[in-house]
Each structure stands twice: as C-alpha cells, then as structure tokens.
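Engineer: Take a look at the following structure, please.
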Amino acid sequence: MTKQTEYKRKPEWLKIKLNTNENYTGLKKMMRSKNLHTVCEEAKCPNIHECWAVRKTATFMILGAVCTRACRFCAVKTGLPTELDLQEPERVADSVVQMGLKHVVITAVARDDLKDGGAAVFAETVRAVRRENPFTSIEVLPSDMGGVEENLKMLMDAKPDILNHNIETVRRLSNRVRARAKYDRSLEFLRRAKEMQPDIPTKSSIMLGLGETREDLIEAMDDLRANNVDILTLGQYLQPSKKHLPVIKYYPPAEFAELKEIALSKGFSHCEAGPLVRSSYHADEQVRSAKEKTAEAK
C-alpha cells in the first residue's frame, strides 16, 4: 500500500466549520460530570459540533467505553471492559431530561464478555428514559449481542421506538472490515427484531469508500430489504488513524444522491445519504418519516 493510497487528501465537501458555542461546551461538561460516554466523541463523529451546538442532540454510549471487538474502521477503544455500572440507566435518563431531547439514541460497545451481551442494562436504560421522558422517542443501536435470540428479545420487550443495527459494509468486504461480526448474523438480527415487534421500524447503515462496487451496494440494499429493514443511512468512511483501514474512494455528493434514489426505489421508507451522514444523523427525522409511512400503509 502506498502513502498516496493510505492518506488521500479530503475533498472540499468533507471540510466542516466547527461550532463550539455554549450548548456544545455545556453538554460536554454535563457528560463528564455524570460519567457518561457518547459515541459522538468516542467514534470521532464529524457531526458532533452540529449536533451538540446547533441541534442540541447526542448519542449516548452505554456499557462502558471499551469494546471487546476490534473492527478495523472504528475509533472506539478496545480491550478488557470495566464492570457494569448499574446506575448508568438513571444517569442517562436524567441527562435526557436536562438536555430536553425529543429523540434520543442509545448505543453501546460490544460486550462479548457478558452472557446477555449487555441486553439487560440496555433494556433498563430504555425503560428509565421512558419513565423520565414519556414524550421522548427512543432509538437503540446495539451490537448483535452474540446473535442470541433471548438477548434481542430482552431489548425488544423494552419497546424502543426504533431498532438500529448496522451491517457497516457490503458482504464481500465484511470479514475484512469487522472480523468478529458476521454479515448474515446482522441480517438475521434485523429480521428477528422485526418479527418480534412488527410495528417498530428497523434501520441499518453502510459506510462507503472501503473498496465496494455499485453492484456490492445494490446487493446489500436488497439483502436489507429482504429482511424487512425500513430505514437506510449511507455515509463516507473516514480513516480515524493510521492503524485503521485506508479510504479507497471519496464519494461526491452527487453519487450519494444517486444511491439514495436507488434505495428509495427498493422500498426503504427513508434513506439518509451524504458524505457526512452517520447512523444517528438526523435520527429524529428518520423515525418520524418511518412512522408516517407505516401509518399510511395500514
């Protein structure tokens, strides 16, 4: 691999203006004071300043800040996780109150060290947020929890408003990009979630720029629709550090627009696509759109 391949210069459309107003600063202080983590920070999301400073939203990351997996695209720390914090659900719920969120996303590191994959704490966090914030919609973004059906059922029984689980990349590249997760296991996870709670929208995300072809992407879209996934997000992969997978291609906004049209033509109720789109980007709009489409179909 050449240096030119490894360090491609970012195009103009990926350059963002940072906005660190008092909302951003205040949210950061609150997260630290409550010993909470956000995927916005841990995964180095390019939209953190827009979401925190302008939209005043955030994605909480529970079950600690250390992941048991080491996916080659992800900036989250890996290693031996800490013990579970059983007070975390209430702290998340209190923070949602303080932030005045209308929609909250709750994600987590993979906890392969736990028999339930963290499902019990995940479910309790959903219930705690619901108790304190009855008018806030709740989106969950779990790992595959080892592919154990009972773990998924525990989470779905908590009745989140939307279930998000990312396949991350296309089938052909999956083993190289996320070796300890399985493409078909993720599809099965999404299918089972819909079978357990048919009225809860399901969602997944694909990163672009890892070497996939247009045919690969269309196959992935078809796979998701075959498993009744409602919402799709498409965004540009950005290399977090030298040790992570390199960017093979930067997709221009026009190509994202084309892919969005293809996705919608395949029956997704909503598709968010763009260079800076991430799984939780404009998540409140996605869940509202999906619910409206579901209501229309009845």
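A Cβ is built for glycine as well, from the same backbone N, Cα and C atoms used for every other residue.
What you see is a predicted model, and the numbers here were worked out from it, not measured in a lab.
In case it helps, Swiss-Prot gives these features for our protein:
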- Cys40, Cys45, Cys51, Ser280: [4Fe-4S] cluster 1 binding site (BINDING)
- Cys67, Cys71, Cys74: [4Fe-4S] cluster 2 binding site (BINDING)
- 53-269: domain 'Radical SAM core' (DOMAIN)
Engineer: Could you pull the average pLDDT for the domain 'Radical SAM core' (53-269)?
Structural biologist: 92
Engineer: What's the number of neighbouring CB atoms sitting within 10 A of the CB on Cys74 ([4Fe-4S] cluster 2 binding site)?
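Structural biologist: Summing over all protein chains shown, Cys74 ([4Fe-4S] cluster 2 binding site) has 22 other Cβ atoms within 10 Å.
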Engineer: Within 10 Å of the Cβ of Cys67 ([4Fe-4S] cluster 2 binding site), how many other Cβ atoms can you find? Include all protein chains, please.
Structural biologist: 23
Engineer: Could you tell me the C-alpha distance between Cys71 ([4Fe-4S] cluster 2 binding site) and Ser280 ([4Fe-4S] cluster 1 binding site) in angstrom, no decimals?
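Structural biologist: Distance between the two Cα atoms comes out at 19 Å.
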Engineer: Using other CB atoms within 10 angstroms as the count, which residue among the binding-site residues Cys71, Ser280 scores least?
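Structural biologist: Checked Cys71, Ser280; of these binding-site residues, fewest Cβ neighbours within 10 Å: Cys71.
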